[in-house]
Amino acid sequence: MSSESDKKLEIRLASPRGFCAGVERAIETVKLALKEHGEPVYVLHEIVHNRHVIDNLRQGGAVFVEELEQIPAGAICIFSAHGVSLQIEKRAKALGLKTIDATCPLVSSVHRMVEKYHAEGCSVVIIGHHRHPEVEGTAGRVTGEVYVVATAAEAEKLQVNNSEKIAFVTQTTLAENDIEQVLVVLRRRFPLLQGPKSNICFATQNRQNAVRTLARCTDLILVVGSKNSSNSNRLREVGTETGTPAYLIDDFKDLKESWFRGCERVGITAGASAPESLVEGVVVWLLKRGRYEITEMTGQQEKVHFKAASLID
């Protein structure tokens, strides 16, 4: 790719992209806790799945831990945006921790749905990724029959005690197509299956739709986001499903010159936990290597804002 090329080179920026309302709330919650209570503030697991965000908050005085026992009694403990199980909540209280729940409100709504189905005597199926913190937190909201199914193949093998009372929910950051493949099997095997129209959060759906639009008018898609970010991985998959090459990158340092040979139109998006500064870094990298025109795509406007969480009494 040469800056002397006469080809018309374009950068097209997906809209919406980057931070969603739930991520913004979680980050604001940590910053507010630091401001109101001082350092250190402890966070159970990564508040969101992006190392740049984590590093920034760590520099501000946040301490990230994997076990509640790592937190001193009486200290502030923030639960991540992905949510936690009832057992974690009870354990934190038993350890004398002061807790703040930064669970995304949309994830909390799935928790309430699971609790409702469980109270009605249903076996609950969670369509989602095994060992993902959101799925583990959702599964842990109740005791009893809860099953996690990640694929259509797993759905074919699922065995439940009562097929006449069965309901499903989904991880909020999945791709719609992945969920539908599993549901086709579940509905065939369990005709009385209950469930919502969709648990995919609006931000996840909006960003996936934006990538589909981007894929139709670009030669290559760059998805800015961490490798452990579920929604970022889904964005890359949505791009490749259209036949457009798509790469998941942590930041501009992951870019390779070879990707852009013969490429005139580059699409850029970012996962829901990736800050806009990382997108800007990618754009700067490209501008140093070609005479690009930058176009901001039009897409679904998001005006939702969630208030930061405070101490649980």
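Using the three backbone atoms N, Cα and C, a Cβ is placed for every residue, glycine included.
Some features that Swiss-Prot has for this protein:
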- Cys20, Cys104, Cys201: [4Fe-4S] cluster binding site (BINDING)
- His49, His82, His132, Ser229, Ser230, Asn231, Ser273: dimethylallyl diphosphate binding site (BINDING)
- His49, His82, His132, Thr172, Ser229, Ser230, Asn231, Ser273: (2E)-4-hydroxy-3-methylbut-2-enyl diphosphate binding site (BINDING)
- His49, His82, His132, Ser229, Ser230, Asn231, Ser273: isopentenyl diphosphate binding site (BINDING)
- Glu134: active site, proton donor (ACT_SITE)
Recorded positions near Cys20 ([4Fe-4S] cluster binding site), in sequence order, restricted to Glu134, Thr172, Ser229, Ser230, Asn231, Ser273 and a 10 Å Cα cut-off: Ser273
Site extent for isopentenyl diphosphate (largest Cα pair distance over His49, His82, His132, Ser229, Ser230, Asn231, Ser273, Å): 15
Position of peak Cβ density within 10 Å, selected from the binding-site residues Cys20, Cys104, Cys201: Cys20
Distance [Cα-Cα, Å, rounded] between Ser229 (dimethylallyl diphosphate binding site) and the residue listed as 'active site, proton donor': 11
Neighbour tally for the residue listed as 'active site, proton donor', based on other Cβ positions within 10 Å of its Cβ: 24
Other CB atoms within 10 A, centred on Ser229 (dimethylallyl diphosphate binding site): 25
Densest Cβ neighbourhood among Ser230, Asn231, Ser273 (binding-site residues), 10 Å radius: Ser273
Within 10 angstroms of His82 (dimethylallyl diphosphate binding site), Cα basis - recorded positions out of Cys104, Glu134, Cys201: Cys104, Glu134
Listed recorded positions among His132, Glu134, Thr172 whose Cα sits within 10 Å of Cys201 ([4Fe-4S] cluster binding site): Thr172
Surrounding CB atoms that lie within 10 Å of the CB of His49 (dimethylallyl diphosphate binding site), all protein chains: 28
